[in-house]
Amino acid sequence: MNREEFLRLAAVGYNRIPLACETLADFDTPLSIYLKLADQPNSYLLESVQGGEKWGRYSMIGLPSRTVMRVHGYHVSILHDGVEVESHDVEDPLAFVESFKDRYKVADIPGLPRFNGGLVGYFGYDCVRYVEKRLGVSPNPDPLGVPDILLMVSDAVVVFDNLAGKMHAIVLVDPAEEQAFEQGQARLQGLLETLRQPITPRRGLDLSGPQAAEPEFRSSYTREDYENAVGRIKEYILAGDCMQVVPSQRMSIDFKAAPIDLYRALRCFNPTPYMYFFNFGDFHVVGSSPEVLVRVEDNLVTVRPIAGTRPRGATEEADRALEDDLLSDDKEIAEHLMLIDLGRNDVGRVSSTGSVRLTEKMVIERYSNVMHIVSNVAGQLREGLTAMDALRAILPAGTLSGAPKIRAMEIIDELEPVKRGVYGGAVGYFAWNGNMDTAIAIRTAVINDGELHVQAGGGIVADSVPALEWEETINKRRAMFRAVALAEQTSAK
């Protein structure tokens, strides 16, 4: 873009204009670019592995954000350079998020990657209370105390093309600032200069040595209490209160390693469609979620329910036998079909009449430690609605709550001992162009005050076996704790 085009866009009324440059980056990786450009508070790295086995084409590296929104309950704080510049008590924090995003009138420049910045971060599980007032405030203690919503204004991002070995660096420029075009171009050149510098070496992760033992964890439940909670849910199901509930346990350990080393280990042990590393300054969120919560791209709304789990086998033959066993398990199939129906209902709430389709039904996807049954539901976003409307309709996922959803969440409030926080919420972005991509916050660690917390659960139906449900939660956290052990082992050397 030249200066004349920049000024033309400013005259039209855009208050943010993307400036971009493209460069070969075949000697770099998304991780090395993050460490060179963005390894500071309020930054992020987003990567993807499709179907558990193939790296996605694009990775996104968010440079440190100067403006951040933090929401606790109904109180909203906007911080700029770490200083609170706005403070609001609001009736609907989700409406505030949308109105805040609308302050940014960003020009859509042809040829740029489909994601070139936006509001990036998470919406916690308890954001459902902004929509479903019947649930009230969380009745459970909140030992983590992290925000219910945390979003960074991502106005400088690098999009790495893993296939072509090149990258786009994109910065948003406010045309009202003095010498805005020249300052934006200078910032891009500064980023390129930084990329040319060698990276400070980090200690390698030793994958050939003896495998570190998984750390012992402290649970929010005893095993007996968790199995009793499963039994109580089965009583509710038999009484006709609900068809399924998804309880969870939080597992916590002391953690002294560098959070980025945990991400490095996790992307090795458990590559998934949604991999993320967030440095929020006072805490980190590190995850490898297999499951989209809701995606809106060019007005197509997509959810992808995952339900039905088996551990991975030691051989291909064992994997196939486990797949056959999973697909012939009446309990797992019934649970999955229930969640397909819930997904259709959720997508239908914001889609044009007759547009909702089941585009994939009960396929198996394999991950490092487990395999899942997966389906795909899509619909055309109804005219007049936005990506935020889709989030309102679908958060939290049925796979993290149950069916019917509201009654299941009331039972979760009754039986779980702590507020869920990030777990079970949405991690991802609202792009400037109106698109949205969010993952369910599962297989996710919150690192806070020298402790690491990971939460896992499972869907309970009428014929669930309490002992097996406990074991399922242990299997689901195994990749994370294996990564924790390697990160700790590396830091101790």
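Placed from the backbone N, Cα and C atoms, the Cβ positions cover glycine too.
Record features, source Swiss-Prot:
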BINDING   S48, P273, Y274, M275  L-tryptophan binding site
BINDING   G308, T309, Y423, R443, G457, G458, G459  chorismate binding site
BINDING   E335, E472  Mg(2+) binding site
(request) Determine, to the nearest whole angstrom, how far the Cα atom of M275 (L-tryptophan binding site) is from the Cα atom of R443 (chorismate binding site). (result) 10
(message) Quiz question: given the binding-site residues G308, G457, G458, G459, which has the greatest number of C-beta atoms lying within 10 angstroms of its own C-beta?
(response) G459
(request) Select one residue from E335, E472: among these binding-site residues, choose the one with the most other Cβ atoms within 10 Å of its Cβ. (result) E335
(request) Report the largest Cα to Cα distance, in Å and rounded to a whole number, among the residues S48, P273, Y274, M275 that the record lists as binding L-tryptophan. (result) 7
(request) Tell me the Cβ neighbour count for R443 (chorismate binding site), meaning other Cβ atoms within 10 Å of its Cβ, over all protein chains shown. (result) 28
(message) Tell me the coarse DSSP state (helix, strand, coil) of T309 (chorismate binding site).
(response) strand
(message) On a C-alpha basis, identify the one among S48, Y274, E335, E472 that is nearest to G457 (chorismate binding site); the candidates are the binding-site residues.
(response) E472
(message) Need the DSSP three-state call for R443 (chorismate binding site) to compare against my parser.
(response) coil
(request) Report, in whole Å, the straight Cα-to-Cα distance of G308 (chorismate binding site) from E335 (Mg(2+) binding site). (result) 7
